[in-house]
Amino acid sequence: SLCFLLCSFAFLSLPLFHTFISLLTLFLGDVRVRSRAGFETERRGSHPYIDFRIFHSNSEIEVSVSARNVRRLLSFQRYLRSSRFFRGITVPNSSNILDDDYNGQAKCMLEKVGNWNFDIFLFDRLTNGNSLVSLTFHLFNLHGLIEHFQLDTMKLRRFLVMVQEDYHSQNPYHNAVHAADVTQAMHCYLKEPKLSESLTPWDVLLSLIAAATHDLDHPGVNQPFLIKTNHYLATLYKNTSVLENHHWRSAVGLLRESGLFAHMSLENRQLMESQIGDLILATDISQQNEYLSMFRSHLDRGDLCLEDANHRHFILQMALKCADICNPCRTWELSKQWSEKVTEEFFHQGDIEKKYHLGVSPLCDRQTETIANIQIGFMTYLVEPLFAEWARFSNTRLSQTMLGHLGLNKASWKGVQREQSGGGEDADPAFEEMDSDILPQEPRLS
Ligand SMILES: [Zn+2]
């Protein structure tokens, strides 16, 4: 069978193995994705996995790849990823064996999980790469969700491990550490007085699950890339919130598979799935203007009533949006690391687009863009407007801290920019192209 064939080849040297895979890709195209005879059945049906190693110039394989072949490679990678057999080879098994000392330090950190200075990178190292599982499990406990919803802790752990595994650790930015960071930020927002007074356990449950899964199975490229490479997800979701829809549906798949809420009524489970969807879909940055103007008019009218479940859920959407783009509101040490990671992911996409003549996406060209320009544009057009409104809604010490870091970090990047260009540079105009409707609220700084 095909399985046997692959097994035999797996023992050959890596270059040969790669060549074999590319040959298979060329010959079989999409067929293997549909008929997986001989392969271990996999729990999830689809992955938008794009293994960039296959594109790297130092890779052993140098098949001439047209845009058409890129499509084939994508679908093959999806197949590769969904085979446990291959996974076993490429993904090291992150076991739960923790050094006692590290374990102790991680536990110590969790006591301060509500601090805005929480160092998620350190926590991830201390937990041996299990930050998302450890942090989310801890938060479920802290918020009394395990008791309130009578959750089976084994099922909960299994669910969280599956969530963590479905993030791509090869992505410089959109990986499980980002998800853990967003979940930690969400926890900080849930603790804010206005919210903590009015939220129900159900709201907290949805918020934490949505935060932990909001970028699930992210391929490390953006929606325009998926559209121009005719990725099946772009077709499936009709080129609209393609990634966010996929994150949501992947989360639903894992929720169902884990049976974590099997003891709840079907009605409640369906409600949960759709409300998690509303939260995750709100993280589509291209929709920011719609959410922001709604938020602004509520604040202008002063008509937000948190006893109203609809209003609470709208605020939770805004909170998740803030958590998702709060990197510039962290301390410089943390914020800078995130900036480097996200730029690395953008430039990586740009390199591939260049190599395969796909047209380089905005912000993705390492020849013309700088990390400072990208950050200043991001802060000016997306982060500042959002956090200014959030501070109007929740004018607390945390909001002031976040705005304080935002100002300082922007000044730091401007300093970097001045050093690099000798002054005169402005925020990245690519953000204007991306969502020009956001601009009117924020005067351009020059
Ligand atoms: Zn995200």
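For all residues, glycine too, the Cβ spot is worked out from N, Cα and C.
Listed in TrEMBL:
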ACT_SITE  HIS174  active site, proton donor
BINDING   HIS174, ASN175, ALA176, VAL177, HIS178, ASP215, ASP324, GLN375  AMP binding site
BINDING   ASP215  Zn(2+) 2 binding site
COMPBIAS  425-436  compositional bias 'Acidic residues'
DOMAIN    98-420  domain 'PDEase'
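Features recorded in TrEMBL, as mapped to the structure shown.
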| residue | record | Cβ contacts under 8 Å, 6 or more apart |
| --- | --- | --- |
| HIS174 | active site, proton donor | TYR167, HIS168, ASP215, HIS218, GLY220, GLU345 |
| ASN175 | AMP binding site | TYR167, HIS168, SER169, HIS218 |
| ALA176 | AMP binding site | GLY129, SER131, LEU132, VAL163, GLN164, TYR167, SER169 |
| VAL177 | AMP binding site | ILE120, PHE121, ASP124, SER131, LEU132 |
| HIS178 | AMP binding site | TYR167, ASP215, TRP338 |
| ASP324 | AMP binding site | VAL182, HIS214, THR283 |
| GLN375 | AMP binding site | PRO328, SER339, ASN409, LYS410, TRP413 |
Query raised in the report: Going through the binding-site residues VAL177, ASP215, GLN375 in sequence order, which have a CB under 6 Å from an atom of ligand 1?
Result: ASP215
Report summary line: Simplified DSSP label at ALA176 (AMP binding site) comes out helix
Query raised in the report: How far apart, in Å, are the two Cα atoms that lie farthest from each other among HIS174, ASN175, ALA176, VAL177, HIS178, ASP215, ASP324, GLN375, the residues recorded as binding AMP?
Result: 22
Query raised in the report: Average pLDDT across the domain 'PDEase' (98-420)?
Result: 97
Report task. Within 10 Å of the Cβ of ASP215 (AMP binding site), how many other Cβ atoms can you find? Include all protein chains, please. Result -> 26
